[in-house]
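Here is the structure we will look at, set down as structure tokens.
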């Protein structure tokens, strides 16, 4: 499909802008001020890129889809997600995902659109523009987290963690910076760049690594180390000669030893045994055990897409309750591969593995076939991609990290090249004459219209979350009528979020309307049948009302939380 230079340039700027924006954007007044704006930003970016892709197809009178192994396996992965979603309960939880994670079908659909749009609409110049945008975002996160580390926070976030920047959690800060380090190191190695640019990139690489370590989250430094190792191997291979090849082999061997040491360390053995004593590792062992339990009971299709948090209490290991109490819950497996297996069984696990392997294959083929700066560029992209894979073993697919993963995959496809396509018709319409110019104008209009409509739709969840945040604040301030009005607005925009209905129930309780509160808790259960706060609060409210359905509600709660009777006894 022919794409003119102006569209390629515009695409690179759009992709660069929202790739940098997603890690940084937040909305202080929203109920979920970190996650909701980031999910919406990804959806808006996907909508705009879809509009640009449609414009290019209309202009060429040709429907074309890139046929790289990466894009094929990505489509397969999303199709399998749809299949496993048929086992899920509730509509909005599947579309949006856990309310404070946002990793639902809408996010992955937008990521798929981004990936499919990247190869036909981007060139190597655009790839470097996107990398620069990612480094700019990493620079902001590095500086902000460093300020928080010395006790200065211009935004005054109220959080249990000292260094969260604009990501809400030090683990995500560390992970994002770990991914950025190889990209910064690649930029520092580019001989054709001005010295001040190379020095600046080198300083950013060191600073990002240092701040990632400063957060206390080890996943970032470990991921960065793996990514830098791959970049070093590619650099050595490109230099050529027996010594360089031997050195590259040594780096690979050292990396293999490091992987073994880290795995052994997580088990409390060897020189890296300190990893097993990390505060974040203990709970993760319980999260992983629960994920494996879900997989054992539903090996083929899993418990249902986005259903890990809904089933965690059911599969929570006994030791977790004894060590951390019943109130310690969890909304993610804290391991992307394990979460795929728990949610979608072997089918989704294999589809995800195929996607990862396809990217690795295209990357390796590109590195072996390229030379000079193009090979080094693949080394930087591959290092960042490997860093994502390393941290994903102990982390969560929150929107910024998931976006960078899929964007990096698309950039690798572009640089590794060449990219074939499936097109109908096989040959595009000739780009000549007055008819072409008219078609160009129509295609631009259609692309803008489609992007605008989808963007407005994508912004709806942010508006609803703003209203829900206002309602929550009004409940705390005692303005119950105002809270009621605001939350009614939120539920009218997004009726499927159980946490909105719970706020509505709290507003009813503030007005002394116990029956109204019970009705709203029932609405929350209808939105997500496995939402524990909704089930427990419905049971407690029914008990206070001495309602005949109280036992039925607690029976429903027991299906979610085996220890539900203890909660009922505490309430009494």
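Every residue, even glycine, has its Cβ placed from backbone N, Cα and C.
Residues annotated as domain 'O-antigen ligase-related' in TrEMBL: 204-352. The repeat 'TPR' annotation in TrEMBL covers 498-531. Per TrEMBL, the feature transmembrane segment maps to 39-58, 65-85, 105-122, 134-152, 172-189, 196-214, 220-237, 249-269, 340-364, 376-396, 402-424, 445-464.
Outside the transmembrane segment (172-189), and at least 6 residues removed from its termini, the chain residues within Cβ reach (under 8 Å) are 23, 131-132, 134-135, 137-138, 141-142, 145, 163-165, 197-199, 201-202, 204-205, 208-209, 211-213, 215, 217-224, 227-228, 230-231, 235, 376-377, 379-381, 383-384, 386-388, 390-391, 395-396, 398, 400-401, 404, 408. Listed stretches 39-58, 65-85, 340-364 were compared with the transmembrane segment (105-122); the greatest number of C-beta pairs under 8 angstroms is found for 39-58. Packing against the transmembrane segment (376-396) from elsewhere in the chain are residues 101, 103, 124, 127-128, 131, 171-172, 174-175, 178-183, 185-187, 189-190, 219-220, 222-224, 226-231, 233-235, 238, 284, 332, 334-337, 339, 356, 359, 363, 366-367, 370, 404-405, 408-409, 411-412, 415-416: each is 6 or more residues past its ends and has a CB under 8 Å from a CB in it. Note on the repeat 'TPR' (498-531): its mean pLDDT in the predicted model is 94. Only residues 6 or more beyond the boundaries of the transmembrane segment (39-58), in the same chain, are considered here, and those with a CB under 8 A from a CB of the stretch are 1, 3, 7, 10-11, 14-15, 18-19, 21-22, 25, 64, 96, 102, 106-107, 109-111, 113-114, 116-117, 120-121, 399, 402-403, 439, 442-444, 446-452, 454-455, 457-459, 461-462.
Within the chain, the transmembrane segment (249-269) has long-range Cβ neighbours (under 8 A, six or more residues past its boundaries) at 222, 225-226, 229, 232-233, 236, 275-277, 281. Across the repeat 'TPR' (498-531), DSSP classifies residues as 27 helix, 0 strand, 7 coil. Through the fold, the transmembrane segment (196-214) approaches residues 135, 138-139, 142, 145-146, 149, 163, 173-174, 177-178, 180-181, 184-185, 187-190, 220-221, 224 of its own chain, all at least 6 residues removed from its boundaries and within a Cβ separation under 8 Å. Note: the stretches the transmembrane segment (340-364) and the transmembrane segment (445-464) are not in contact (fewer than 3 CB pairs below 8 A, sequence gap of 6 or more).
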